[in-house]
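Visitor: Pasting the relevant annotations from TrEMBL:
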type    : residues       : note
DOMAIN  : 244-352        : domain 'Acyl-CoA oxidase/dehydrogenase middle'
BINDING : Thr248, Gly287 : FAD binding site
DOMAIN  : 391-542        : domain 'Acyl-CoA oxidase C-alpha1'
DOMAIN  : 585-718        : domain 'Acyl-CoA oxidase C-terminal'
Amino acid sequence: MEGGTASSVTIIILLPIFLPYPATPITQLPTIRLLHTVKFPLSDQLLMESSPPSSSPSSSPSMDRVNFRTQVLSRHLHHHPQTTDLLRTAPCLNYSPPELSNPPPNFDTKSLRKLLDGTSVEEIDYIFNLMIQSTLFCPRERGGKVFIAPDFNQSMEQQREMTVKRIEYLRDRGVFEGWFDKKGPEGDLWRFALAESVSVYDHSLGIKLGVHFFLWGGAIRFMGTKRHHDKWYKPTETYEVKGCFAMTELGHGSNVRGIETITRYDASTGEFIINTPCESAQKYWIGGAGNHATHTVVFSQLEINGVNEGVHAFIAQIRDENGNICPNVRIADCGHKIGLNGVDNGRIWFDNLRIPRENLLNSVADVSPDGQYLTEIKDPDQRFAAFLAPLTSGRVTIAASSMNTTKIGLAIAIRYSLSRRAFSIKPNEPEVLLLDYPSHQRRLLPLLAKTYALSFASNYLKMIYVNRTPQTIKTVHVVSSALKAVLTWHCMRTLQECREACGGQGIKTENHVGHLKSEYDVQLTFEGDNNVLMQQISKALLAEFLAAKKRNKPIRGLGLEHLNKPAPIIPTQLTSSTLRTTQFQTDIFCLRERDLLQRFVAEVSQLQAQGESKEHIFTVTYQTAEDLGRAFSDRLILQTYLDVEATVPAGSLKSVLGLMRSMYTTIVMEEDASFLRYGYLSTNNAAVVRKEVLNLCSELRPHALSLVSSLGIPDAFLAPIAFNWVEANAWSSI
């Protein structure tokens with residue numbers, strides 16, 4: 001009360017609570033807990049009653065005050081007319097399908113999906129349907145829809161056995177029939193489509209099949225010759241032989257040339273002897289070796305007559321037909337992992353294991369019966385490059401599967417954001433859809449546009465791989481290194497953002513986005529550490545630049561022809577319309593790549609002039625090398641996008657593609673510090689770029705549902721929160 005008046009009083013209701021351990025002395029005292037507070041207006045009557053009565057001779061003043069307060073509290077708790085209005089019942093939330101509140105597509109979603117999946121749409125959908133139809137793929141009903149996904153509550157051993165059963169199911173339905181017989185680009189694209197499809201269901205299934213068919217089978221196909229094809233093709237296709245790929249060692253991963261396993265030739269018996277000379281030479285992370293593989297391709301140093309001829313590959317049996325480990329072979333399990341527990345990764349030691357001379361994969365080099373080393377490629381570096389060149393398919397499949405995983409995360413998170421609401425902007429109005437908040441659009445829509453751009457680049461990679469020639473091997477190697485790194489980085493970043501955008505629901509395994517992160521994480525170091533790959537790209541660009549300069553001829557290849565033209569001029573003041581032109585987008589991406597290559601050349605040349613070794617130079621210039629690698633990748637991705645866009649006639653689809661292209665280039669400029677670091681953008685222009693991202697988000701928002709629908713991921717492979725998440729979590733669904 002102030003100035004002798006009062007308008008209300010707050011009553012605090014307290015309850016005594018006794019702690020549950022009476023033996024403890026302090027629990028003899030009651031603990032007071034705040035139960036509720038109620039604020040009442042003070043009427044004149046209450047003010048009159050608020051003075052305690054005079055104490056009677058027979059009562060103490062303290063007891064009178066207690067009785068008075070009890071009476072006041074009792075009257076106003078039981079008789080106050082406004083207490084029933086203090087609590088209001090809010091209406092229950094209901095799920096509303098986003099299709100009801102979003103405009104229908106203004107472009108042909110099937111045409112957009114065909115741009116993503118090309119001629120493989122039918123093959124992909126066929127594999128999807130095979131998996132949806134079988135109980136082996138763990139169908140479950142949630143929220144009125146059926147979803148399929150592995151049961152991750154199973155033990156590691158159970159998950160591994162289920163992976164094998166699913167492979168056998170697909171084999172029995174003829175999925176792998178003709179694996180080695182289908183020739184040419186069409187055959188390769190069919191194999192890629194199959195691998196990508198099974199990975200959409202389960203990454204463990206995709207990896208297990210990839211190791212067997214692409215690594216083991218690919219080594220037989222490309223590193224072997226007719227004698228190997230005749231012997232191993234059929235049992236590999238029927239899964240009678242279960243192959244694995246023993247390259248990585250405990251002590252060596254990316255540095256394949258440094259592996260320590262040693263193989264010597266015994267001319268008296270016509271056998272090779274494979275040995276693990278030390279613990280760091282044990283083969284490590286070998287997919288399939290832990291439980292199921294019967295054979296492996298062993299990568300080893302080959303020593304002939306005391307001379308190390310470098311790394312070669314050999315076929316070795318590690319288990320018999322009953323699953324027993326062979327003599328002179330030791331195998332241990334790698335144990336439980338953060339993901340991919342459906343793959344039985346193992347460790348292998350070879351104790352002077354003898355194999356026939358014919359088990360050397362001899363497409364590049366051979367050993368005669370009397371022990372002579374035979375090869376037409378005399379230079380060890382060229383021989384090593386020729387030996388490993390066919391294995392590029394591993395990076396191609398990793399890049400492609402990363403895009404499918406990214407699509408799953410985005411489809412789930414964006415569909416959820418189109419039906420989940422949070423907070424009202426104005427009183428008595430409905431809560432707002434998550435994707436109607438500009439901040440939520442900024443989190444997800446740039447990632448969606450970038451996923452389309454990177455998917456087109458992945459398709460380009462597949463096409464140059466299946467149409468490769470000896471003259472284009474270098475291009476395939478550089479492009480596969482670039483896209484494997486950029487696409488897998490994008491996948492992990494997108495999954496993290498999708499997990500957060502789904503809130504607590506993103507933590508549940510059944511909703512995929514959180515769990516996919518741990519399942520997919522290994523891809524960032526599979527087939528080469530991404531940071532190492534960025535440096536490899538820069539070395540290749542440096543070599544091309546210096547070779548052209550030495551020849552005094554224009555540079556050709558790797559998309560570097562723009563270096564033969566004058567440097568682009570970037571406007572001093574950017575506008576929204578300028579940012580959306582293909583000319584500006586191409587110019588600034590080419591300017592960045594050109595400048596960083598020149599900086600890299602200058603750094604390397606300066607250190608060479610100081611007498612530094614090549615190894616030291618590339619160690620200390622890694623920052624510029626990584627910036628250059630990203631610049632090359634981004635310019636390549638933009639070019640592949642423009643090539644796809646050029647095939648689409650004018651109309652609504654082309655307009656949407658233009659929006660996504662502008663979003664891709666703008667978000668790259670905003671997020672990559674090199675544009676400010678090296679001065680390609682002024683601080684004022686960087687602010688214009690930042691604002692343009694928000695403009696593009698608002699323009700893409702009406703197309704969000706149509707764009708995720710065009711990704712081609714069947715509903716059964718998504719998650720409950722992508723659809724009726726209320727019913728999926730109802731008591732009746734337990």
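From the backbone N, Cα and C atoms, a Cβ is placed for every residue, glycine too.
Curation plays no part in TrEMBL annotations; they are all automatic predictions.
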Visitor: What are the sequence-distant neighbours of Gly287 (FAD binding site), meaning same chain, six or more residues apart, C-beta distance under 8 angstroms?
Guide: Ile207, Lys208, Val211, Cys244, Phe245, Val343, Asp344, Asn345
Visitor: For Thr248 (FAD binding site), what residues in its own chain, 6 or more apart in sequence, show a Cβ-Cβ distance under 8 Å?
Guide: Lys283, Tyr284, Trp285, Ile286
Visitor: Please work out the helix, strand and coil residue numbers for the domain 'Acyl-CoA oxidase C-terminal' (585-718) from the DSSP assignment.
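Guide: The counts are 110 helix, 0 strand, 24 coil.
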Visitor: Taking only the residues in the domain 'Acyl-CoA oxidase/dehydrogenase middle' (244-352), give me the average pLDDT of this model.
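Guide: So the average pLDDT across the domain 'Acyl-CoA oxidase/dehydrogenase middle' (244-352) works out to 97.
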